[in-house]
There are 2 protein chains.
Amino acid sequence: MTQPESSDQYRRLRVALLGAGAVGSQVADLLLRHGDELADRAGASLELAGIAVRDVDAPRDVELPKELFTTDAESLIVGSDIVIELMGGIEPARGNLLLALNSGADVVTANKALLATHGTELFEAADQVGASVYYEAAAAGAIPIIRPLRDSLAGDRVVRIMGIVNGTTNYILDRMDSEGADFADVLADAQRLGYAEADPTADVEGHDAAQKAAILASLAFHTTVPLDAVHCEGITGITASMIDEARAAGFVIKLLAVCERITVDGAESISVRVYPALVARSHPLASVHGANNAVFVEAEAAGSLMFYGAGAGGVQTASAVLGDVVSAARRHIAGGVGVGESTRANLPIVPIGHVITRYQITLEVNDQPGVLATIAGILSEGGVSVATVVQTVEGEDDTTARLVIGTHRAAEQALSDTVENLAASEVVERVVSVLRVEGE
Amino acid sequence: MTQPESSDQYRRLRVALLGAGAVGSQVADLLLRHGDELADRAGASLELAGIAVRDVDAPRDVELPKELFTTDAESLIVGSDIVIELMGGIEPARGNLLLALNSGADVVTANKALLATHGTELFEAADQVGASVYYEAAAAGAIPIIRPLRDSLAGDRVVRIMGIVNGTTNYILDRMDSEGADFADVLADAQRLGYAEADPTADVEGHDAAQKAAILASLAFHTTVPLDAVHCEGITGITASMIDEARAAGFVIKLLAVCERITVDGAESISVRVYPALVARSHPLASVHGANNAVFVEAEAAGSLMFYGAGAGGVQTASAVLGDVVSAARRHIAGGVGVGESTRANLPIVPIGHVITRYQITLEVNDQPGVLATIAGILSEGGVSVATVVQTVEGEDDTTARLVIGTHRAAEQALSDTVENLAASEVVERVVSVLRVEGE
């Protein structure tokens, strides 16, 4: 079954699979069913040598030959040409991949948590032995973004990436936007429908997006971006009324991973951050609906590019994994050493305070004469210049009003200091929300 | 200037550039200005050894050092590690690239006409010597589509590609759609603004899109698709009223390159065609405006993907060319042989008659009782099933009516036979238009 007739002409490569969850079982199934085609494309016969799992008898999404399963990952790894890691988590995935590289195998992984925290260690281990680490499935599911960033744009300078890289949060925000529903209600429904996990923390707090942002920024800026250098805010504070106000102003709220080249004190630097941001409804990212993902890339020469597709899903992610397996196989056949990651630019990563963008500040204020002058004064003192003010009267007693203030571009630090001063002012009852505007 | 200080640590690679037009002069400029960065990314110092041109003194878009120019392409090529061909046309481009490959160089080209007609010859010459042919800029300008198709989706099965791959025609159709203007007027304006050439034939007749379709289909289906196997229709017959009627039915007209896997008589086959088609306004391709390009890819496992960006322009295309140069340099440094094109699937390419899709037929008919029954009879006899009919009365004398007939899916051959019968019927005054519907 693993050895289709017509592939006998090819050299055989031993492929080890670690993990047989939603993605792993699809990868195994496609390897077995499409063996002939894959052999033709890779120029090598891909022999699935085994699947390492914790529990051989656990139920799988796809039926797979029982004899392929083993609990002994290490024996499977040693002697393999290509090792596919789809276990997730840090250990034993990290140890297994280091063993694989040191045994001379190329590795394929979709493990974004591992890459965002131990990527450098893996890339260096690969460089040592002339092997390669492939990870197309780790950044945006089935959307091919790694090769475009690493190869196609290698002769260009990426200026900015804005990515919708988490399907769960895009699904939630999109439904909040189209239905006027509350976060908690949509989250509960998303959990029921399988779009969100029972513990949704990694998605809704932005941790998953932050891991992907670290991977994308490292590639785009040829600089190692550690996970803890990524500023991260989630969407749990987004309310139906914030989305209403965004819509009224021509925006939609999206959880964005922003990776940006910026100049701080004359030095070229980068900023990497994840937060819910206002995006103009006319921007291509605004029309990314449901659980889909998209990565919008601005480069000096190439201009604006967008890559769009399914961000997750077992079989979709399996497509990206198998593309990597074919690439690894071709490299094995072609000979030569693997091409490592280029992190030689080594740009400084600046904290969020240096980021310059526009803001939309919503305040609940006393509805009395002179309030606007007081607030304008606080903003002006803080160095934050006002572009637009929209006032709406709130409540039946007419004692409070709501002000939506759109600022000109300002530094995050100046803005947050100013917001503190606004909150402390006696004319301000409440700072309802502060949102950044991206993609202008 | 070509040898930045910090790149002294790297091995030097000799780069020859053939052609210094809109793209070539930008490539030379970026190679010279970003030498340091490119060296870091490539792991090799890229020394621009010379630029072969017909006329050394011709004016250029970008000022370049005079001493780099030569009219002796052959001497420049021999001894180079990487040869970039941006001359266009078949000869001397073909001869120069064969010389380059046989001298052991990797080659980078943006020459879609050459690849669509002599691609196989070049790929085979590269295979013979273990070199590679890079051509990211030949298929969709700056949009990275070659690596995603060849590498990222190598483990998947592409089912269909629908591409807006010609900026000039998309610009014209988009303006006709938004302004209600006529083809000839918009074309004249596009020529004045530089969006269309003085001789617009290659664009408006679909020839440029057909070359790109041949390249994309070859890659996606691992099959050599010769240019003459691509069915090609242009947009010169598209009128303002066709666009109006399309809008009324919820469609926009786009010139599409469609590459499709289809089953004919039980055999897996492919169809490659370029024509103006109706696309639902809700489809992602419908929102590709102006001179932008986009490639929509449907794959068995990955689902729907879209790649969007600028389709042409000197500096945008230069980005794609330089990405290829860095890839070629990395391969030189890594060693090993180049990875050839996989055309081992070798699927049969079927003529347009076998294509199955939906159609929108607009007829001018006598406005008298029984006409609809006659027409329905002709369609039914031809095996074409009707989904919708919309009748609009035309003219002041009420003697003719216009019928817009939407069919169910039918084979192109059955459809065109039936349209002939309709045209011959005495109740039909004129077949106004027949358009295919794509993307459903």
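Cβ atoms are placed via backbone N, Cα and C, with glycine included.
Nobody curates TrEMBL annotations by hand; they come from automatic prediction.
According to TrEMBL, the protein has these features:
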BINDING   A:Leu18, A:Gly19, A:Ala20, A:Gly21, A:Ala22, A:Val23, A:Gly24, A:Ser25  NADP(+) binding site
BINDING   A:Lys112  NADPH binding site
BINDING   A:Glu197  L-homoserine binding site
ACT_SITE  A:Lys212  active site, proton donor
DOMAIN    A:360-439  domain 'ACT'
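Shown on the structure are the features that TrEMBL records.
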| residue | record | DSSP (3 states) |
| --- | --- | --- |
| A:Leu18 | NADP(+) binding site | strand |
| A:Val23 | NADP(+) binding site | helix |
| A:Lys112 | NADPH binding site | helix |
| A:Glu197 | L-homoserine binding site | coil |
| A:Lys212 | active site, proton donor | helix |
A:Val23 (NADP(+) binding site) versus recorded positions A:Lys112, A:Glu197, A:Lys212 - nearest by Cα: A:Lys112
Inter-residue Cα distance where the pair is A:Lys112 (NADPH binding site) and A:Leu18 (NADP(+) binding site), in Å: 15
Per-state residue totals over the domain 'ACT' (A:360-439) - DSSP helix, strand, coil: 24 helix, 37 strand, 19 coil
Residue among binding-site residues A:Leu18, A:Ala20, A:Ala22, A:Val23 with least C-beta crowding, 10 angstrom cut-off: A:Ala22
Residues near A:Gly21 (NADP(+) binding site) in space but at least six apart in sequence (CB under 8 A): A:Asp61, A:Leu86, A:Gly88, A:Gly314
C-alpha spacing of the residue listed as 'L-homoserine binding site' relative to the residue listed as 'active site, proton donor', in angstrom: 18
Cβ neighbour count within 10 Å of A:Gly19 (NADP(+) binding site): 26
Distance [Cα-Cα, Å, rounded] between the residue listed as 'NADPH binding site' and A:Ala20 (NADP(+) binding site): 17
Across the domain 'ACT' (A:360-439), average pLDDT on the 0 to 100 scale: 91
Length of the line joining the Cα atoms of A:Glu197 (L-homoserine binding site) and A:Gly24 (NADP(+) binding site), in Å: 19
Neighbours of A:Leu18, A:Gly19, A:Ala20, A:Gly21, A:Ala22, A:Val23, A:Gly24, A:Ser25 excl. site residues, C-beta within 8 Å of centre, NADP(+): A:Leu17, A:Gln26, A:Val27, A:Ala28, A:Leu86, A:Met87, A:Gly314
Sequence-distant neighbours of A:Gly24 (NADP(+) binding site) in its chain (C-beta under 8 A, six or more apart): A:Leu17, A:Leu18, A:Ile51, A:Ile84, A:Leu86
Residues satisfying Cβ distance under 8 Å from A:Ser25 (NADP(+) binding site), sequence separation of at least 6: A:Arg60, A:Asp61, A:Val62, A:Leu64, A:Gly314
